[in-house]
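Swiss-Prot lists 1-21 with the feature signal peptide, giving experimental evidence as the kind of evidence. What Swiss-Prot lists as disulfide bond is C51-C59, C171-C185, C261-C304, C461-C496. If you look up Swiss-Prot, you'll see N218 marked as N-linked glycosylation site, on the strength of experimental evidence. The feature active site, nucleophile is assigned by Swiss-Prot to D227. Residues or ranges marked as Ca(2+) 2 binding site by Swiss-Prot on the basis of experimental evidence: D227, E251. Marked as active site, proton donor by Swiss-Prot: E251. According to Swiss-Prot, the site 'Transition state stabilizer' annotation covers D318.
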Amino acid sequence: MMVAWWSLFLYGLQVAAPALAATPADWRSQSIYFLLTDRFARTDGSTTATCNTADQKYCGGTWQGIIDKLDYIQGMGFTAIWITPVTAQLPQTTAYGDAYHGYWQQDIYSLNENYGTADDLKALSSALHERGMYLMVDVVANHMGYDGAGSSVDYSVFKPFSSQDYFHPFCFIQNYEDQTQVEDCWLGDNTVSLPDLDTTKDVVKNEWYDWVGSLVSNYSIDGLRIDTVKHVQKDFWPGYNKAAGVYCIGEVLDGDPAYTCPYQNVMDGVLNYPIYYPLLNAFKSTSGSMDDLYNMINTVKSDCPDSTLLGTFVENHDNPRFASYTNDIALAKNVAAFIILNDGIPIIYAGQEQHYAGGNDPANREATWLSGYPTDSELYKLIASANAIRNYAISKDTGFVTYKNWPIYKDDTTIAMRKGTDGSQIVTILSNKGASGDSYTLSLSGAGYTAGQQLTEVIGCTTVTVGSDGNVPVPMAGGLPRVLYPTEKLAGSKICSSS
């Protein structure tokens, strides 16, 4: 039986993973598969169970379901998963549906029974650790959730924050340019209000610090994704991050690096929204701007405290899926390659590998099981190949993850970048010409390879030879990404070989 080279390589690399740890330095080398627990996999293994995103109801995904599909995730080369919040939610079916997503919590000391039991969550953690993989859990410290108007909240339903004293006075955010409003007023609306905890109060602060340390300890969690970070005052976060004792990455939903990057001074990392917007715009059409992406790579690298601890993505449950803008598979391949080979920690959202095309919430929260989990889809294989070369480069080059990605070339339709220590660098060439793009040879300078050196293009498994002038003649066709690595360094890796 022929087995894909990336499958052989990834299996060998991950089974041999070292003992687990959960420091920021350890997370630099991870690659994250993000999933909504309710929408990824069911305990019964069904691939036909109905899940109409417009209904906004629980669809039946569970922690046990995730355990049963870890081969599917690990087969793409992911070393970690990020799951949505685990706390008990408001029980009602609101006018906006159920709290299937996990962001409308009411009891932080109980688990969401729709996903399973405490033993199930512990089993998920153990199953990941047995594979050398990490568990990241989503947490919310900013707010609770209530089925009703902000002016008529019954605070007694919240545990342990069971009185109005724990919360900011009711007011909805009207002006997002006013940081005081952003922090002190409420998200939500009068259909589902999100009572905003007053995290300046020691009693609230200490409760959260105790809780997060216990959560991490009880379920052997390796990292946290923190929701709505910009809605809590900055001085709350260092103590929270310290109490967690693991890598924390925060959601600061703002594309301005001058606003977003400073949050990395109060927690380990943030989601890279500054890159998200120019990345999306560069590849969502064949007329996108490479200039803006090129410039933002350099801005984030220079202005953020540590770009190697940011989370790179183009899809999540809050933003429309990439394929909702274009169904061009070549463009989707380029954007996925960027995510995995840029600085920081790659994050791929469940369903992205199957070219899901849901638009705004709730359409972008499709059930992964309805795809049937095929492992031969074009994006599944592309993601596996890109993760494989990244994982391999990390295993061979101790400086790879801290080397700052360097854009070395751009034109109207192309961007090229290099990452890694001299002699072991990966050079990635991305195009937004799309699947109908012409065939041509790009003469690439600045790659840092030596004249006459043989390179392997690890997506298509072809080779090129560096010219006598040091330029690399890169064959481009069909708008596809090219990822180069020194051929001699691949010896024994199984990359670009079959058995």
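Including glycine, each Cβ sits where the backbone N, Cα and C put it.
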The residue listed as 'N-linked glycosylation site' versus C185 (disulfide bond) - Cα distance in angstrom: 32
Fewest other Cβ within 10 angstroms of its own Cβ, chosen from the disulfide-bonded residues C51, C59, C171, C185, C304: C171
Top Cα neighbour of C261 (disulfide bond) in the set of recorded positions C51, N218, D318, C461, C496: D318
Other C-beta atoms that fall within 10 angstroms of the C-beta of C461 (disulfide bond): 14
Distance [Cα-Cα, Å, rounded] between C51 (disulfide bond) and D318 (site 'Transition state stabilizer'): 18
Residue among recorded positions D227, C461, C496 with Cα closest to the Cα of C171 (disulfide bond): D227
Of the recorded positions listed as N218, D227, C304, D318, C496, the one whose CA lies nearest the CA of E251 (Ca(2+) 2 binding site): D227
Of the recorded positions listed as N218, C304, D318, the one whose CA lies nearest the CA of D227 (active site, nucleophile): D318
Other C-beta atoms that fall within 10 angstroms of the C-beta of the residue listed as 'active site, nucleophile': 21
C59 (disulfide bond) and D318 (site 'Transition state stabilizer'), distance between Cα atoms, whole Å: 18
Spatial separation of C304 (disulfide bond) from C461 (disulfide bond) - C-alpha basis, Å: 35
